[in-house]
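According to TrEMBL, the features are:
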| type | residues | note |
| --- | --- | --- |
| BINDING | A:E43, A:Y90 | spermidine binding site |
Amino acid sequence: MRFLITLIASSLLVGGLFLFGTKLLNNTSSSETDVLFVYNWGEYIDPELIKQFTEETGIRVVYETFDSNEAMLVKIKQKQRYDVVFPSEYTVEKMKKDNLLLPIDPDKIPNIKNIDERFLGLSFDPGNEYSLPYFWGTVGILYNPETTTGMDFSTWDSVWDESLLNDVLLLDGARETIGFVLNSEGHSLNSTNKEELDQAKQKLEKLSPNVRGIVGDEIASMMKENEAKVAVVWSGMAMDIMYENEDLIYTIPQEGTNLWFDTMAIPSSAKNIDGAHQFINFLLDKNVALQNTDWVGYATPNQAAFKELDEEVKNAKEFYPDKETMEKLEVYRDLGPEWTEYYNELLLEFKMSLD
Amino acid sequence: MKRVLALPYLLWMVVFVILPVFLMIYYSFNDMSGNLTLQNYAEFLSSNYIKMTLNSFWYAFLITVITLIVSYPLALVISRLKHKTFWLLIIIIPTWINILLKTYAFIGILGINGILNSVLEKFGLMKIQLLFSDFAFITVAVYIFIPFMVLPIFNSINGINKNLIWASYDLGASKWEALTKVIIPLSLEGVKSGIQITFIPALSLFMLSRLVAGNKVVTLGTAIEQQFLTNENWGMGSTVGVFLILFMVFVMLVTRTKKESI
Amino acid sequence: MTEIRLQNINQYFGETHILKNIDFTFLEGKFYTILGPSGCGKTTLLKIIGGFVNQTSGDLYFGDKKMNEIPANKRQVNTVFQDYALFPHLNVYENVAFGLKIKKVSKVEREARIKEALRFTNLTDFKYRDIEQLSGGQKQRVAIARAIVNEPDILLLDESLSALDHNLRVDMQYELKELQQKLGITFIFVTHDQEEALALSDEILVMDKGHIVQAGSPKDIYDEPLNKYVADFIGESNIVEGEMLEDGKVSIYGRAYECVDGGVKSGTPVEIMVRPEDIVLKPLEEGHLNVTVDSILFRGVHYEICVLDEDGYEWVIHTTQKTEEGKKVSIYFDKEDMHIMVPGEKEDEFNERLELYEGIL
């Protein structure tokens, strides 16, 4: 009995010490103005540009990466200090609601003028008060024409084709996967209509035999090796894959698809707000954006940089779609916790039903 | 003095085992907004999660059985060889290599352009899609668990008094009868140990199910990862975690050996 | 029917020559003991008979049947191992039943035979005990019961009593002897304890470095050992060197003594053995040799007195006579108590010679 009490008491003591300690550590993190803490996706910036920024401004950059919005949010919510962060569009909405972002002062960002107007004032941040676009893209179908002879994948339904038995890779993301199913039925991929979602669920289940796997980065290595014939991927990942495997084609089905944005934002835990603005402005510079686009390989919202791109790249309709196609593209809205959970559970159930 | 020596260990247990478990149990009663609720448990007991649990058990069971079938004869053979330590080392060395690295290596072996398929091609046979399949998942899992099963079984078999085997021959037993009536019964403790070490981790494999099974196999581990990282539903994730711990305790009780007392 | 014949058996383990040209026939129904120090090959010999070791060369016959190729599990032999080798996961009953189950004996017959075997070994009350709960002596009996329930023609025992304490050991010796007489089958018992060998056997095989040095009844071996090795190994002995003068006369330290051995060429150097219990202390000058008492040890049943003769040789005497250290006395022994051994004499020559001259002198 004595021992038990000692155990519990020491547990509480130690637990308390740890909590207190980490709080302390957090607060004593440097608030110097010549350091900038940047939190970005992996492989999402040309490292040379970071060096260049430090040379030009004298600000030292502490660079950290994450691999999912959710993982990033966990850190942000813990008030870990970051000065610049790169959330996706629907996450921006969420962060706004939770007061996790600081407003951007447009006066400090003269290079805003370089951004293509089409990509400003979007639904998730109408006045660009909290975010500015960084890279954008779509979700589409990546396929090997040689092994899928005769198919053109101009419609989402082609993914359900019987000939693709165990040959289709899907993204491990509820929005992406359920989204395209909704699109295939002509519904919005932001649907919160139970009927539409049920219909999508059933249609998704019919896809089971074709599903080779539901994964993330693994899609890249598999498609590079032609391990599967078809994959539903982000345009950015498609670009990366096609660079190594020139046989593949990326296309956007006619029903429309998701238009995604990764943005630059300033989290509320930022300490070097001036430096943050400088960094964002730096990235929007024409030449910097051009070099970055070359390195990262995704589609840039920077009009000034776009003009300087190679003709080949500029004209790639699958990566820079024409106006008509653009109109059919939808941006993800934050669905709120209940519907987000609903989507996620749906995907989990779908995974469980596969064998 | 003895009490003081045990202090670091106790501290460690408290901070890294006991506290987290309590924390997890606490969270399991929270919903997404932080209110206390039994909703998570209700949901776990719904058909989907039950199905997944049974699925998890089934895969873990398959993996354990196949590992046992491979490991027992292996342990038996090694116990009769001259340079036992050498052969054991060969079995154990793969465990020194990071599990993720081994998994990636298997992707290289099982891939459509990998070694296995290249061999098939050479013989004029058709290539098989091995990656992202049940077969791949179970094969890689078995490969990873073999050393953990072989060791305790080997120790058990090796510890059997050689005279017992002679005695069984003396009493008329054939080699096979000696195996089934003497060696196997006396090595059951080792087998039980091996089953524990295999079955319990197999319930929570999630990296493997993603990298090798393409997430087509959903284990309890996968569900936990999903809930914590994607859904941000720590409550549900913790609930699954609680059940996982319960299952682990259950398995340990069922396979406990005479020398232990849980 | 089942005499065991070993013909020219040789055993090598790697380079080591363990058994050298063993020739012997075990007759049916007798209690044999193979006696010798560690490493003499006695256990190997037993294992060859049991089928646990395949002899490197030579033949083994059970009756007329050549057993060389026949594995242990097919021989009508059962073994009682040194550490009993009882199956820990089975209780007493199941241990004893093991062999019968393998032979697929019917349940009814099985139960009857087990009951009998347990009765024979006084284990009826222990039928369902766990092995761990048994004492050394009880385990010993279970091992025996497990062996005899199979009604073997031959029972092999490998130093089975070594693990028991002295009193229990002596008790078990009685039991074993009685058992063998009741069952009437051949017992081959291996031990390094010569007292045990003397007590149990109908015949003893004394082994040394892979050879059978001498084989004979306990009394013969004790009274008439072939050579110094056997004499030293069995019982205690005093051995002096001397010279054979003629049949019935031997010279020790230059003095002639009457003895009862013969058949040795005059002038041959011999060894004379006298057992300590055959020596008597007499006042100075009255015995054969004058000696000084060196040490006295009280052994309970007798005194063990060491004396030194005038040539410096030490004699060991077992007697109930009292004396004192340092006293000068003399020792005496009858002529029948002197046993002549010719170094290098072979066993058959030895036996022949003894036969000829027994009772004559």
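Note: Cβ is positioned from N, Cα and C throughout, glycine not excepted.
According to DSSP, A:E43 (spermidine binding site) is assigned to coil rather than to any helix or strand. The local packing around A:Y90 (spermidine binding site), expressed as other Cβ atoms within 10 Å of its Cβ over all shown chains, amounts to 20. A:Y90 (spermidine binding site) carries a helical DSSP state (H, G or I). Around A:E43 (spermidine binding site), a 10 Å sphere centred on its CB holds 12 further CB atoms from the protein chains shown.
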